[in-house]
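> Quick one: structure below, then a few questions.
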Amino acid sequence: MNPKLPYVLLVGAAVIIFILSCVLLSRGRRSPSCESQPHVVEKTGSTSQSLVFADLTPEEMVRVVRYLQGNLGVQLVDASRAKPSDNCIASVDVQVPAKAEVLRFLDGGGARPPREALAVLYFGSQPDPNVTEYVVGPLPTPAYHRDVTVQKYGGKVPYHRRPMLGSEYKQVGAFLETKAFAAAPTFLKEVLEYDGTNVAFQSTAPHGFQSGDRKSWFIVFQNVSGFFVHPVGLEVLVDHSSLDMSQWAVSRVFYNGQYYRDMAQLESAYAQGRISVEKVRKAPRDGDFSSMKPRAPSSALFPLQYQPQGPRYSVRNNQVLFQAWSFAFGMSVSRGLRLFDIRHKGERVAYEISIQEALSVYGSNCPGGMSTRYMDGSFGIGRYTSPLVRGVDCPYSATYVDTHSLSEMLNPSKKKASLCIFEQNLGSPLRRHYSNLQSLYYGGLVNSALVVRSIATVGNQDYVWDFIFYQNGAIEGKVQATGYPSSSFLHGDGLRYGNRVWEHTLGTIRTHSINYKVDLDVGGMKNSLVAHDMAFEMTRAPWNPEQQIERPRLTKKVLDTEDQAAFRLQSKMPRYIYFAANSKNKWGHQRGYRIQITSFAGDHVPESSSMERAISWARYQLAVTRRKEEEPTSTSIYNQNDPWTPTVAFANFINNETITNEDLVAWITAGFLHIPHSEDIPNTVTVGNSVGFLLRPYNYYDLDPSIYSQDGVFFTSEQDLTACDTNPIACLPKTASCLPHFPPFTYDGFQNM
């Protein structure tokens, strides 16, 4: 045996023991999991009261459908397969009780209002086809239904006003492919290389020029990823007004700047060489320039945020508690995210804050683009709320909430993780001061806020909807726009209507207008509207009368009527405008909440337009009206398809009624002008495309309530800045040294499509 072998073995054993010891020691020093840290205890209170606003559960939706199937005396077809001549259930949503009933329950110890649903039904198989709305209740065991259509709208809703079902889009698509296109086989094959699968359609709205019309331009694109920016130059106007689909017909055809009677005339003109053909290069399935696939490999990971001691908010049922805030949330099928009973420090500051509508008005020299005015509530902002991608759409560690809806089918659908809630360190101080005069100190507060978010994808457009709650009592409503830009086929004088963004693609100009309902209850339900602003006044210096001083002074005005409180879109509005309570703060000022709007809206459609009254809410950047139960929303889902005879015209809400010491609602419009440019390819970014409003305390408190935040930092030059009891930031190496637990990545956005 080699005499050196025992020594080699001993040395090897010593090395192994050393390595194992280091591993064990390092494990002993490993930071604990953040889940093992003590959670911050929140006040909980009762969450059962918030259920008065809760969305319908899947079980409740199913029971409503079964009740309607068994009690209306007509056959109801599944809307996903319905023909225009069928009866079907278009949607079922919660019917929020009247405010007076809710407040009696929440504040007065009254009985809980009966829980009810609102069902929208299409009756196409009747002598007088119409749309009918029923309130169904009480839930969970329905025993009655009542027709509320006439009560809500002053009459029946004509059938032509109904929003298009997904089944109708499919039926028109089938008509185009099997009947309309059959009349132009040579043109389609040689110009578009059409094979029955390589084109996609996008419909325009409204559908015509007068009440009763149901004629839609269908724009033809290459069927590739991001097809919205791949127009081929062909657009077809389809008359699908008849309930008998065999009567549908092509009314007009457009190709590369020229109009034709129908597809047969287009085919004939092509065969005779009388068409200016602009052949578009065939794009690969991934869309090439429109692909969202990153052009660079992954590298260093982007920054993440985590909660070292667990969430500082709680979500129970439909109620959220965060520091001094509490509120209930829900998701309307048509209007999307909405909040109720918003309280700060236990006192209600708003009864309802909700999205009302998202309007887009397009320009183009192509027929589809120039006639498009999308009212996204008609398609369903809540219906098209999309599942969220953890770590991109919201922070990875956010709380994700599933939502349920019943729209265009007989069974409820589940959108997993379609709403997120998270606390976010905004990376800047909410307030701070560094003093180097007289005394030396620093005082500040990290700007950490709670965010409630949903994202709706309606066609090419993605809307990121946020409601944000700050520690100083402010609330922000914000929307960020992204998604694909709208486009038309570039021809002729197209550059008058946008920018060229690819070889044959014109990014078309459009305006975006977003409308919100804000039902503030400041210090109680009865409020007045007050405007503060400034003006310069000239005065002589009292100590030197020969000299003049220009000094700003405060101007004050109470806005007594709805007409005075309706501020046109581009008009000058008082810079401080607030809901004033009947109570005063310690300093003798009326307690108030100020409305501050962030917007760079384009111009509104001229009021001489035959369809303007349907979108008349967009005339105003702010309009304050008396709250009325019969005026629950600023628009209607039926306005999209008949804007010429609007079912709800917001302009009628403003009739010069007094608004002093009344229950008031603020209708806020924020918007922006989008002129697509090359940087919108492949996709529009959110940067610079964010608008909304702030609700800020104005003499509501005696001092800034955030001074009571436990996140505050203060130290002087004479203190030990490294001591935890003096400076909690100095303790971060200890209090935040934990390993965050990130759950496995999952995504259900492609299920059940």
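Glycine is treated like the rest: Cβ placed from N, Cα and C.
When I checked TrEMBL for this same protein, it listed these features:
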- 7-26: transmembrane segment (TRANSMEM)
- 75-144: domain 'Copper amine oxidase N2-terminal' (DOMAIN)
- 162-257: domain 'Copper amine oxidase N3-terminal' (DOMAIN)
- 305-707: domain 'Copper amine oxidase catalytic' (DOMAIN)
> Given the model, what does the mean pLDDT over the domain 'Copper amine oxidase catalytic' (305-707) come out as?
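A mean pLDDT of 97 is what the predicted model shows over the domain 'Copper amine oxidase catalytic' (305-707).
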> What counts of helix, strand and coil residues does DSSP assign across the domain 'Copper amine oxidase N2-terminal' (75-144)?
12 helix, 27 strand, 31 coil
> Under the DSSP assignment, what numbers of helix, strand and coil residues are found in the domain 'Copper amine oxidase N3-terminal' (162-257)?
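Counting residues by DSSP class gives 31 helix, 29 strand, 36 coil.
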